[in-house]
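What Swiss-Prot annotates here:
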type     : residues : note
TRANSMEM : 39-59    : transmembrane segment
TRANSMEM : 72-92    : transmembrane segment
TRANSMEM : 111-131  : transmembrane segment
TRANSMEM : 154-174  : transmembrane segment
TRANSMEM : 181-201  : transmembrane segment
TRANSMEM : 212-232  : transmembrane segment
TRANSMEM : 261-281  : transmembrane segment
TRANSMEM : 291-311  : transmembrane segment
TRANSMEM : 336-356  : transmembrane segment
TRANSMEM : 379-399  : transmembrane segment
TRANSMEM : 409-429  : transmembrane segment
TRANSMEM : 438-458  : transmembrane segment
Amino acid sequence: MSETSKSESLDPEVSEGLCSKTLMQSIVHELKLQMRIGLPLVVMNLLWFGKMTTTSVFLGRQGELNLAGGSLGFSFANVTGFSVLYGISAAMEPICGQAFGAKNFKLLHKTLFMAVLLLLLISVPISFLWLNVHKILTGFGQREDISFIAKKYLLYLLPELPILSFLCPLKAYLSSQGVTLPIMFTTAAATSLHIPINIVLSKARGIEGVAMAVWITDFIVVILLTGYVIVVERMKENKWKQGGWLNQSAQDWLTLIKLSGPCCLTVCLEWWCYEILVLLTGRLPNPVQAVSILIIVFNFDYLLYAVMLSLGTCVATRVSNELGANNPKGAYRAAYTTLIVGIISGCIGALVMIAFRGFWGSLYTHHDQLILNGVKKMMLIMAVIEVVNFPLMVCGEIVRGTAKPSLGMYANLSGFYLLALPLGATLAFKAKQGLQGFLIGLFVGISLCLSILLIFIARIDWEKEAGKAQILTCNTEDEQTSQGSGQDSHS
């Protein structure tokens, strides 16, 4: 046998080994890219949680009535304002991510400008809602004095709406390009000032000052991020010269609005479900104890949510970038790599929650043994929920990265509202399971959400989605034009 024939006989094995090596290298490369995007986001989200905790602490120092009214006002702001603005700004992720992958900086610029205008417009009716919060709360049976404090708190929180109308799009604009370090550093700088701002304003204006500190801190982030975008974009002349800031067509607006509806509902349906759970818990026997346990457990969940949300942003960015670059294999690899990471992270998060269940409750109370025991028990159930919660977040962001947020909306609607809440209420009230029943219902509902999204993702035609991304970013049209002109010249 000749040397040539020997080498040929080894070709299949060598080829298989090379393919395996190449696959591992590509996965490792993908993980490195996602770590670079995700780690700063984890820090940023944890800082945001710290900012909210600081606000709660300073509200508590204003007295029991101010704490109740301010907390109620902030919950109202979350449900009617923040969730809506965050949800609508999420529509930028697939457009900007795919535009960046396709190097269509004009589309990036115009989407940022349109998103800011859209959020400012949406902020107007939300503002009127906040100004009438006193009537709304008393109409639902809330105490007059608490409703009045909530109205005062929201009145001085109003500037947060236009500020978030700039902040949310700026964050989405940068993160969709994989630029997350500036977001982390600007958030860290502003958060470091949040405590001194609170000290000064809470002493001078009381609960009004605590509300003002929230939007002043976010306003600092807006100024810093705006400065960063302007300076860096001007340094990269190619990006700045493409312009597009004021060059919007009706089709551009239609695309953004079509995506913003499902994106907004996806976020709101999830946020509102947790708020409804808290309200329903207030109808259990010993409501003060039950609500306290649930809030303490959810506070630990918020810490894990910082990691969860960062994973989701990573995969949405990577999938949309690869589809925009017309690389369906890269998008597929990014999606499934992050899904595996999400499953592993969910298991780790569950173990961390179990490990801290004895310590976490003691941070809030030392004397109430019923609450301490309740926290230990409920954190075990919540740990099981985290196992499915992490991959659920990843799956939701995968479908968003493919510009199909309606899939996430249908999954959340089915899982949270057709199953989790009805089943939880049945177990809690009729089966006398109490708070445990609500969490079991939540687990079953989230599991359904995950199952639906996994089926959707398994059926994705990545080649087709890459083609759609080229149409979205107008590359297909440009290529057809250039091909047509080329054929004319040949003829």
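We count from 1, first residue shown onward.
Quick reminder: no glycine exception, Cβ is built from N, Cα and C everywhere.
Nonlocal intrachain contacts for the transmembrane segment (261-281), taken as residues 6+ away from its ends with a CB within less than 8 angstroms of a stretch CB, comprise 75, 78-79, 83-84, 86-88, 90-91, 93, 287, 290-291, 294-295, 298, 396, 400, 405-406, 408-409, 412-413, 416-417, 420-421, 424-425, 428, 435, 438, 442. Comparing 39-59, 111-131, 181-201, 291-311, 409-429 for CB pairs under 8 angstroms to the transmembrane segment (212-232), the maximum falls on 181-201. For the transmembrane segment (336-356), same-chain residues at least 6 beyond its ends with a Cβ under 8 Å from one of its own Cβ atoms are 27, 30-31, 34, 300-301, 304, 307-308, 311, 314-315, 318, 379-380, 382-384, 386-391, 393-395, 398, 457.
Long-range contacts of the transmembrane segment (291-311) within the same chain, counting only residues at least 6 positions beyond its ends with a Cβ under 8 Å from a Cβ of the stretch, are 38-39, 41-42, 45-46, 48-49, 274, 277-278, 281-282, 338, 341-342, 345, 349, 352-353, 356, 360-361, 364-365, 371, 374-375, 378-379, 382, 386, 389-390, 393-394, 397, 435, 438.
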